[in-house]
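**Student:** As annotated in TrEMBL:
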DOMAIN    5-80  domain 'Threonine synthase N-terminal'
DOMAIN    101-420  domain 'Tryptophan synthase beta chain-like PALP'
MOD_RES   Lys112  N6-(pyridoxal phosphate)lysine
Amino acid sequence: MAIYYSSTRGGEKNVTASQAILKGLAEDGGLFMPDTIPVFDRSFSELAKMSYQEVAYEVMKLFLSDFTEEELKDCIARAYDSKFDTEEIAPLVKADGAYYLELFHGNTIAFKDMALSILPRFMTAAARKNKIDNTIVILTATSGDTGKAAMAGFADVEGTKIIVFYPKDGVSRVQELQMLTQKGDNTSVVGIDGNFDDAQNGVKKIFNDKEFEKELAAKGYQLSSANSINIGRLVPQIVYYVYAYVKLLENGEIEDGEKINITVPTGNFGNILAAYFAKQMGLPVGRLICASNDNKVLYDFFQTGIYDRKREFILTSSPSMDILISSNLERLIYLSTGCDAAKTRELMEELTRDGKYTVTDDMRERMADFSGGYATQEENAAEIKRLFDDTGYMIDTHTGVASCVYRKYVKETNDTAKTVIASTASPYKFSRSVMEAIYGSEEGKDEFELIDEMEKASGVAVPAAIEEIRNAEIRHNIQCTPDTMESTVDDILK
Ligand SMILES: *Cc1c(COP(=O)(O)O)cnc(C)c1O
């Protein structure tokens, strides 16, 4: 069945998957949504016998219906290969009764690799399919992990350039070094004097500037986005929830059809939305537990039905979740209105104008699968330490938030359903925060000393992604303010 995409704000309809991937954001500022969410055409016991790559094909073919089988299988084979340090691609680790789904075995040791290893492949296939000769310029705002993962995916990919904006003082040292040492003649990194929301808003503004679009077109450029608003990122993220479920089934941890809960450390609401899509496709999922850090705008939203971004932006030890405007929530809003684009547009305009909006009781009822929770900085650190002391399993600060929220949820509800926790980054990426959570202050030690100590304590070898940056040359040093992002793009493309 052919699936077409429409903007959540009503301005575009009947867009093919490949066009939606190329565009990233819809012309009217909305997000592309499939007109229907497809359901599985394979049983879970069939899927259980498949490799990650095969499950990926079974999921992707349903959403990306204008790609041929050959195109999809080629994209998949080139994305999920030896870049990953395990053949399973996304292994499950059981610790203290929960299943940690490790999504950090790719190039840049964060879950963004799961989708960004394949997005560049989708884009080049989509450009060919749509006969596009322009150079595709990927503009991306990052809270720390997307930027590196996107550059790793797009570096030296013919017909593309990539420009990444990150909050200069809002990422971990490892995250920053990973970006600043990025190779590839087509990559640029810009530190902005602002937070992630400033970066994300700035990128959206550039996308909506029609004059600038024309100027770029005259020079043979066309913009696209690698942010999690791109449907080409959402779809690959559905795969690992399906894969986790069927592996639990294969390993006899659950019965066929048994409902599991899923807990996701959330920022831009992309990862957890993918889990929700998996549920809509027919995956037996009970509750979706949305875990926030101190920037608990989503927790408050699920508690009250009021989304209010007017609050202090807090820099935490889980920087990839330091976000007050969760872009992908717009897709859930759209679904909860019964796909009413006018209503969705109205709410999103309210958010821009007033900094908040309130959803109706009907809408809240349609979102009842979600539970919100949050963990403070201290609770997060305590959970990382507790889990390590009890089991020897070391988790990063984002997974720590999810783990903590999950344990609180069980205490409050006595819900004993088997639970998958999305483990979104390697602890090596946040070595200082993780080591300080376990051993107390590590002041005076440099990042790489801590990394070596982490290796001894965890028994997990230092990943290649870390070894790479130990002595790598700094290649990028552009900085700008939120107001000069567009002119910076112009300069880079000159
Ligand atoms: C991006 C990121 C998140 C948040 O994911 P969203 O899809 O933005 O909700 C959580 N943890 C890590 C490590 C990340 O990089």
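Every residue, even glycine, has its Cβ placed from backbone N, Cα and C.
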**Student:** Are there any residues at least 6 positions away along the chain from the residue listed as 'N6-(pyridoxal phosphate)lysine' with a Cβ closer than 8 Å to its Cβ? List them or say none.
**Tutor:** Asp145, Thr146, Lys148, Ala149, Ala150
**Student:** In which DSSP state, out of helix, strand and coil, do we find Lys112 (N6-(pyridoxal phosphate)lysine)?
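**Tutor:** Looking at the DSSP assignment, Lys112 (N6-(pyridoxal phosphate)lysine) belongs to a helix.
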**Student:** Which numbers of helix, strand and coil residues does DSSP report for the domain 'Threonine synthase N-terminal' (5-80)?
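**Tutor:** Counting residues by DSSP class gives 35 helix, 9 strand, 32 coil.
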**Student:** Report the mean pLDDT of the predicted model across the domain 'Threonine synthase N-terminal' (5-80), rounded to a whole number.
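**Tutor:** Per the prediction, mean pLDDT sits at 97 for the domain 'Threonine synthase N-terminal' (5-80).
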